[in-house]
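Undergrad: If you look up Swiss-Prot, you'll see GLN86, GLY104, GLU105, GLY106, LYS107, THR108, ASP499 marked as ATP binding site, on the strength of sequence analysis. Among the features that Swiss-Prot reports, Zn(2+) binding site is placed at CYS848, CYS850, CYS859, HIS860, with the record citing sequence analysis.
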Amino acid sequence: MLSIAHKIFGSTNSRIIKSFHKVVQDINAIEHEIQLLSNEALKHKTIEFKEELKNGKTLDDILVPAFAVVREASKRVLNMRHFDVQLIGGIVLHKGMISEMKTGEGKTLVATLAAYLNALEGKGVHIVTVNDYLAKRDAEWMGELYSALGITVGCILTETNDLERKNAYNCDILYSTNNNLGFDYLRDNMKFSRDEMVQRGFNYAIVDEVDSILIDEARTPLIISGQVDQDIKMYKKIDNLIYELAEEDYELEEKNRNIFLTEAGITKIENLLIQHNLISSNTSLYDIDNIIIMHYITQALRAHKMFAVDKDYIIKDGNIVIIDEFTGRMMDGRRYSDGLHQALEAKEKLNINSENQTLASTTFQNYFRMYTKLSGMTGTAETESEEFLGIYNLQVVQIPTNIPVQRIDLNDDIYCTEEEKFNSVIKFISECHKKLQPVLVGTVSIEKSEMLSKLLTKNKLKHSVLNARYHEQEAYIIAQAGIPGTITIATNMAGRGTDIQLGGNLKMLAKTALANITDKEAIEIKYKQLTEKVNRDKEIAIQAGGLCVIGTERHESRRIDNQLRGRSGRQGDPGLSKFFLSLEDDLLRIFGSDKIKGVLQKLGMKKDEAIQHTWISRSIEKAQHKVESRNYDIRKSLLKFDNVINEQRKVVFDQRNKILDSDSYDISIIYRDLNSDIVNSIIHDKYYNLDDDTYKALSSEFTRIYNITLDYSTISNFESKDKVLEHLNETVDEHFAQKIEEFTLKDQKAWDHVVKKVMIMSLDYLWRDHLAALDSLKCGINLRSIAQKDPLNEFKAEAFSMLENMMSKFYELIIQRLSHLKFDIELNDTQRIEYNIHHSKISRNEKCPCGSGKKFKHCHGA
């Protein structure tokens, strides 16, 4: 029934493409008119468009001429003309949708259309990439086009300093990575003044490789943290005990990535702990005093049984470096949380670093949803269209290719064992190599890529390896993977963002070959020779069948497999793709149904013999779909909890910004409310007789908060609670009036400066502890379901109560810190304020964890 409706009305995707095609016709209709403009007149169009927007026109009103101007500028500056399908892609981006375009269809150029149009409003456009290399490359490459139209372009890399960042954010268009943008947001909300902040708002973002950033990294929190005191030696002690455990002592759930001790394991580990004097003989492992020990054990088990070197992480310069499971790239600076990273360091016998406490955090899901308009580009988004729509309200639109795809996708070959599979892979590569067909082999881990490399070396097949160990050469290696006879091994989607061009990448080859040539004539001759060679090599590669992509294992996500296939057959080039699988592969072993294995056995699988069947391929896709659905459910569930924290983050950051934006502060409102709370908590009756206990309680609180000693003889004469409160308010009024007078003796603004700094420091201090408390609450909240309670509702209620409590502490802490302030006016008339405040256990000479680059004592530890 659905297919009949599609035939009559067309799919949603085809209807969108059809409607946008009419806009493309309008753009094409004025192409000749725009061609007649001089370079200056073309550039002046930007000023005209901005005037039209000021006079009431919308971006949609000027889309047609704006896109035509960008296309003409691109022809003149880059010698690249936007195809009609690229114009459709640009419209999709402008409309706040995801443009799914196949590899090689020119996504980088497509982004210029929507970026230019939206930059005309002057509110800023952010083009987001997955790494610094792509951000720098695209900013320099497309920057020439924007410059020709009078549009400013900025680029932020990891090493960019604060001043350069601020200037870049003030540009019309900014290129940067998701990590840089997210951490800048967190750092800005740890700054002490608006002037120190670098970002200017969240107007419009175009996210390149949107599936990688908004899906694959959705569960990865962005965290700024500082070290906390911890018993580091305990990790080593517990790690030594893990070797004593046998398989029957623990149960591993690979599907859910869980591990726990069996009854036999609990008994064994308890005895080992007692033997090593880590717990007393009359206690249980699950006693309240031993909960922290249980935490160390769980993380040590996970480190040993669930995480593997060269798959989940590598050891580099004596440190554990996490490997991104989706891209195969190193994630420098990232650390596993909750003690897992320390457990891995203990496992690998490395120096153990202290666990960190979160100072500020957010997720990419919540960060990118702050933008007024969001759009994205990728080669593979359709399989995750439900998630994009459900979480980000982003519709996926599949853009037709400029030239039909010529790639042939062969059926999967399935073998009994991994050894048989890899032997067949080597044989297949060898056959391709004989006819000079370029080959790209995708593996799921560094371990597998290096194992395959050894087999190729053994068979005397020259090749390049692209994995996290060789990240620096990534772009060059992948760019030359289309040269005839080239064999390239890549982990997952390493090199994503760089096209594989048949015959080789002329631009990169020229950059290397011409680096040491200075003579202009010699450069021209060499460049011509390189061009001829690339064209010859391209023809040889085409005759050999184009790029052959080999997958050595199916990924949990169909999208990752499609990305690998998509490296072949760019812009109508011929190509080939094939997957080699075995029953020992993780996907088939963990998620493949017994039905698949049963059918394969009935078919009589023999050694070194592959089985091909469309039914088996469909069954594998069903297994992948199950995993994708489960992962989506996990992300959706986590998002509901993250949304609670995100709402609180907005409240706290909004409060912080209000403090920063104020020039003067009336703290009397705060301390009068505080005094009322103190009196009401100690004196319960309106009329009372002051006894020693009541006086001591009042005096103790006032000394603690205000550093004031109450006079017993004075307050003992009051007959009502209201009179006591009135006297206390007057006492505190005098206390702060004297303090303000002392602070403003040389500088009228000194007191307000002090109040602002104390308020900001107090809020940061409490927010840090509040985040830790929320993390602890979230870790155990699912246990509430045992009592037939909804964990999410329980989390919302308790988190709200905790926030209220935090804000109460905040106001008290402000008054307490201001009351205990010391001041010192030096002879040179510059005022130095000394705070008698314990802020953190971070060394004062360490760099501040907020990321400012300053020493802690000159920043948040001031």
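Just so it is clear, glycine is given a Cβ too, placed from its N, Cα and C backbone atoms.
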Undergrad: Please give the greatest C-alpha separation between any two of the ATP-binding residues GLN86, GLY104, GLU105, GLY106, LYS107, THR108, ASP499, in angstrom, as a whole number.
TA: 17
Undergrad: Counting only other Cβ atoms and using a 10 Å cut-off, which of the binding-site residues GLN86, THR108 scores lowest?
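TA: Output over binding-site residues GLN86, THR108: least Cβ neighbours within 10 Å is THR108.
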Undergrad: Give the helix, strand or coil assignment DSSP yields for GLN86 (ATP binding site).
TA: helix
Undergrad: So which of the binding-site residues is most packed in, judged by how many other Cβ atoms lie within 10 Å of its Cβ, out of GLU105, ASP499?
TA: GLU105
Undergrad: Say we define neighbours as other CB atoms within 10 Å of the CB. Which of the binding-site residues GLY104, GLY106 has the fewest?
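TA: Ranked by other Cβ atoms within 10 Å, the binding-site residues GLY104, GLY106 bottom out at GLY106.
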Undergrad: Enumerate the residues of the same chain, GLN86, GLY104, GLU105, GLY106, LYS107, THR108, ASP499 excluded, that satisfy the criterion Cβ within 8 A of the mean position of the Cβ atoms of the recorded ATP site; list them in sequence order.
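TA: My list of surrounding residues reads MET101, THR103, LEU109, VAL110.
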Undergrad: Name the secondary structure element type, per DSSP in three states, that contains THR108 (ATP binding site).
TA: helix
Undergrad: Hey, what's the Cβ neighbour count for LYS107 (ATP binding site) at 10 Å?
TA: 25
Undergrad: Can you tell me whether DSSP puts ASP499 (ATP binding site) in helix, strand or coil?
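TA: Where ASP499 (ATP binding site) sits, the three-state DSSP reduction gives coil.
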